[in-house]
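K.L.:
Can you read through this structure? Questions will come right after.
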Amino acid sequence: MEKSETGQDFHIGAMLKFMNRTEIDQADRPTRLPVDNIRLTLMILLFIIGTPINVMAFVRIRRSMQCVKTQLKLLKLHLNISDLMVMLIYTGSQIVWLITVEWRSSNAFCKTLKFLHALCFSISSNVIVCIALHRFTSIFFPSAQLTKITLTLAWILAIVTSIPQFATWTVYQPKDTASWHQCVSVWFAKEHQLYMQNYTDFQNIIVTSTAYSIYHVLTVFWIPACLIIICYGGLSILVSRRMFCECEQLNTQLSLSQHRTVSTSLSNANSSKRLLSRLIPLSPTGNSKSCEKHQLSHHCIIVRRKRNAVRTCLLLIITYVICWLPYNVFFLWGLIDENHYHKWNSTAITFLNYLIVANSVINPFIYLPIRKTMLC
């Protein structure tokens, strides 16, 4: 059984491939396969592209928050931190493992690293939920304090749901004569021990590993996805209608304002230039019109910013679903049709998992302002 790189378990077909690959009977060190070279290349590309852009995003968001601190900027900052964690902790450690193809550290570090892997992906999902909740609460009961509370809960839940990783991962030596180790799931280690003893009944292990896998995909993706759908599904319709009404109102007000301005100009057309030059500076009506135009212009800017905020949040959520859904649907397929699932398991899981990592590379291009003047 193989534990996938985001913390989910898969079944015995992957274990048998692992045994053949590493030639355990000969106790040789594992060697990198051609597919591992492809994986390594992709990981390095993701790291090279994703790390600098996320660091730049972090710096620009921090500078922007020194100018004007908003709830959405705070959410972007936390999403950026989770993306940086994916790049530095997960992607970095995967690159090292793909180079060495074996575990060269302690059991404690194995458990801690797998905990951090789960935490990276859990907090990414939880912050996306916070963004959806922010859009929901900003319509009905806006509160800066509520955003901070939801972010705090997001981190607490991510930590709590990732703690089982300490119990489900261990450093395993496949044979007493082997001079190398791997950081594997406890189910993988147990299955291999039974396999070496010529046991063929792995049912109990498969049941418990599948139960943990279901728990993991529920907490990392499916529950957050359901919350996002509940919040953003209905909210997007409500916001669109409200924005449309506001725009119609603004257009009407601007039309009336322009009409009054033209009427005033025509009525004063027969006056002398000297009289006109005296009256205009002293006219309270002229000042009120100018003030009204300024207020309408300011309101238009606010509406535009609201639209941009809604668009940014919607794009972040759509990108999240596109990048995460295939991997998790593939896992559900494994529960329904295990035989056909194993034919695609090794290759599909690897590259669908990289799609999740790519989400952390794409995010900064969505929430990072295009122009520096937009930061404040």
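Placed from the backbone N, Cα and C atoms, the Cβ positions cover glycine too.
If you look up TrEMBL, you'll see 38-59, 80-100, 115-137, 149-172, 214-235, 314-336, 348-370 marked as transmembrane segment. According to TrEMBL, the domain 'G-protein coupled receptors family 1 profile' annotation covers 50-367.
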K.L.:
Of the stretches 38-59, 115-137, 149-172, 214-235, 348-370, which racks up the most C-beta pairs under 8 Å with the transmembrane segment (80-100)?
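P.N.:
By the under-8 Å Cβ criterion, the transmembrane segment (80-100) pairs most with 38-59.
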K.L.:
Which one of these stretches, 115-137, 214-235, 348-370, has the most C-beta pairs shorter than 8 Å to the transmembrane segment (149-172)?
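P.N.:
Most Cβ pairs under 8 Å with the transmembrane segment (149-172) come from 115-137.
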K.L.:
Under 8 Å, at least three CB pairs between the transmembrane segment (38-59) and the transmembrane segment (348-370) (pairs 6 or more apart)?
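P.N.:
As far as Cβ distances go (cut-off 8 Å, pairs 6 or more apart), the transmembrane segment (38-59) and the transmembrane segment (348-370) touch.
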K.L.:
State the residues, same chain only, that lie 6 or more residues beyond the ends of the transmembrane segment (115-137) and have a CB under 8 A from a CB inside it; answer 'none' if no residue qualifies.
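P.N.:
Apart from its flanks, the transmembrane segment (115-137) reaches 5-7, 71-72, 75, 78-79, 81-83, 85-86, 89-90, 93, 143, 146-147, 150-151, 154-155, 157-159, 161-163, 165-166, 216, 219-221, 224-225, 227-228, 231-232, 235, 239, 309-310, 313, 316-317, 320, 324, 356, 359-360.
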